[in-house]
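Undergrad: Here it is, the structure, as structure tokens.
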Amino acid sequence: MSTGSHSPEAMWSATNFRRHQRKPNQVLHRWFFKGSAWIIYAIACGLHFFKLHYNERTNQVEESQYHRIWSKIVVVLKVILLASPYLQYFVLGLGIYIHITLVQDSKAQNFLMSLIVLGIVIGVLRRLLIFLHLKRDRRFLKHTVNEILHITSALEQKFGMEYKCDSTLLVVYLAKLWILTVMLDSLWYKPYFLSSIFLYWVLLEYCFAGYFIYQLILLSWYHTIILFLQRFIEDHANRLDIELHYHRRLIPLFELHLRINNLHKHVRDNVSWLSTSVYLMIFTCIFNAELLIECSLFAGDELENKIYIITDGCLGPVCVPILYVLILGMCTDRFRDAEVQLQQLFVIVQGLYMRKVRPHLLIAMVLENEHTSLIIHQKLKPLENMIILDITCDREFVMDYIVTVILTALSLVQYTISTGGNISECVTHK
């Protein structure tokens, strides 16, 4: 149905979208998202996180109860895993007492840094465990996942969902994952191994992986909307009127865009602790950057030993926090680019309606109002990642983060030298 004749390439129909979805890259991207989601879901079910069950019939997640006996066994195993190195905790407490009463100068500095890092690890681990088990967080996650499924389904039905996985983001994430795996393997065989530190890294990565997949889904939603508007503009550039079925699509498009923004605000407000935890890794990063500088520039070890000690000890804790922040910053920059492109396309669409549709028609007035509210909403509540204290995590922040790490680590090295500390030998920890 149309107010004018159809051209052979008139509209990007559902059939065309289904053909497009069978292309190898679309199949690959679709399987990546589905595979990642099922892996995260399977881990949650296996370890009794969240107590949510996916209902394939309704395409929604629902609260469920696990088997009572098996659930109790899993809880006992979790407690044992956390409490197993009790002797090491006792030694750690004794060491803290001795350092507080006896240690001074650069050794006191190193001890204080270690204590700060350990305190942050324990605090973040506590929040991670609460997030994975608390009923309030379960409700938040249930709402978020159901919104993601609903928006994806709506885009699929009305516009044709095009999945897009940013290759640069994925490469950076996989590089971080590889470095983290090497670091965890090294940590596992350390004589001072503590299961709480190991769990901190593993659970933080599990939660961040889910957040990263969510960010990629956001970018896919924007890509789908942008693609639809581009084809709308191409289709009507040389037409005298606008096809009727497009009227019924543009209003739901604005509604979905508003729903996407509200969802991201909801997610950002409820998992702000996760981005804060990522930022607080800066202490781990600084402390290990100091060790890396001392070992690479001042230690008298052989080059082969230096490389091994750096790789085995401090390289991972330096690189992983920076890569976490870099990923969040890159996502924010891509959100900004997508929103700018979306604004430009909406301006062009509104211009087409002003020229090709009578201005007193209801659709033209509604479209103008929706466009105005969208621009205001994007200005007041842009789609972005906040890191700490409502600071936006973008490329500028990432650069500030890296510079802060380097300058602070150099200051700590300078203080160690000025107090006569020993830096002539490589160490992986102090």
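One is the number of the first residue shown, and numbering goes on along the chain from there.
Any Cβ shown, glycine's included, is placed from N, Cα and C.
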Undergrad: Would Swiss-Prot have TYR54 on the same side of the membrane as GLU384?
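TA: For TYR54 and GLU384, the topology recorded in Swiss-Prot gives opposite membrane sides.
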Undergrad: From the ranges 202-222, 307-327, pick the one that Swiss-Prot records as transmembrane segment.
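TA: It is 307-327 that Swiss-Prot annotates as transmembrane segment.
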Undergrad: Among ASN270, ASN422, find the residue to which Swiss-Prot assigns the annotation N-linked glycosylation site.
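TA: Record lookup in Swiss-Prot returns N-linked glycosylation site for ASN422.
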Undergrad: Determine how many residues of the topological domain 'Cytoplasmic' (190-277) DSSP places in helix, in strand and in coil.
TA: 75 helix, 0 strand, 13 coil
Undergrad: State the residues, same chain only, that lie 6 or more residues beyond the ends of the topological domain 'Extracellular' (132-168) and have a CB under 8 A from a CB inside it; answer 'none' if no residue qualifies.
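TA: Same-chain residues near the topological domain 'Extracellular' (132-168) but 6 or more away: 12, 14, 16-18, 20-21, 26, 29-30, 32-33, 49-52, 59-63, 203, 207, 214, 216-217, 219-221, 223-225, 227-228, 249, 252-253, 256, 259-260, 263, 266-267, 270, 330, 334.
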Undergrad: When the topological domain 'Extracellular' (132-168) is classified with DSSP, how many of its residues are helical, how many are strand and how many are coil?
TA: 28 helix, 0 strand, 9 coil
Undergrad: So what's the average pLDDT for the topological domain 'Cytoplasmic' (190-277)?
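TA: Here the predicted model's pLDDT, averaged over the topological domain 'Cytoplasmic' (190-277), is 82.
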